[in-house]
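Colleague: Before anything else, here's the structure in question.
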Ligand SMILES: Nc1nc2c(ncn2[C@@H]2O[C@H](COP(=O)(O)OP(=O)(O)OP(=O)(O)O)[C@@H](O)[C@H]2O)c(=O)[nH]1
Ligand SMILES: [Mg+2]
């Protein structure tokens, strides 16, 4: 409601529409068990076979304090493209892995890692920077517009600008 006072959202006199929302994203390879997980959580029996989710599948589960929205995005190859779009929009990511599917575990691992940005160490390895042995100096700097780290308030772009000035002067 419009008259709601900020900070009082968790009082015990909430009406249903004022209940807070929690968002959970459920990802994993096709057939990993995402839809089954959502069904079982909503008190439905699991299905026998694997019926692929072509798009999204969601359930809303009310709890005492908030409503939990669980959103599954299908795991088929063409849908994995969309996974990344949602990861930063949710409170929790559940990544479902089929423990019996040994063969595809590396794929699951790869898809999970694709959801995260690479660390600087990983970037250095992936780009093979340590293998560049030319006369050039090679720098790898984080150019994120976000602050460069807990120790620094400045965005990474400022660091790069400073380095550029240093190299050019
Ligand atoms: N034995 C066993 N089978 C399971 C378990 N969880 C899921 N399954 C089976 O594995 C299959 C998984 O199917 P879904 O839950 O539809 O898989 P999904 O991850 O939603 O797949 P997509 O929607 O295609 O991405 C179904 O046949 C389930 O019956 C489990 O814990 N144990
Ligand atoms: Mg599914």
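We count from 1, first residue shown onward.
Placed from the backbone N, Cα and C atoms, the Cβ positions cover glycine too.
Curation plays no part in TrEMBL annotations; they are all automatic predictions.
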Colleague: 28, 29, 30, 31, 32, 33, 34, 35 bind GTP according to TrEMBL; which of 74, 75, 128 goes with them?
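Modeller: Given 28, 29, 30, 31, 32, 33, 34, 35 bind GTP in TrEMBL, the matching entry from 74, 75, 128 is 75.
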Colleague: Which binding-site residues, if any, among 28, 30, 32, 34 have a Cβ under 6 Å from ligand 2, given in order along the chain?
Modeller: 34
Colleague: Largest pairwise Cα distance, Å, within the listed GTP binders 28, 29, 30, 31, 32, 33, 34, 35, 75?
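Modeller: Taking every pair among 28, 29, 30, 31, 32, 33, 34, 35, 75, the longest Cα gap is 11 Å.
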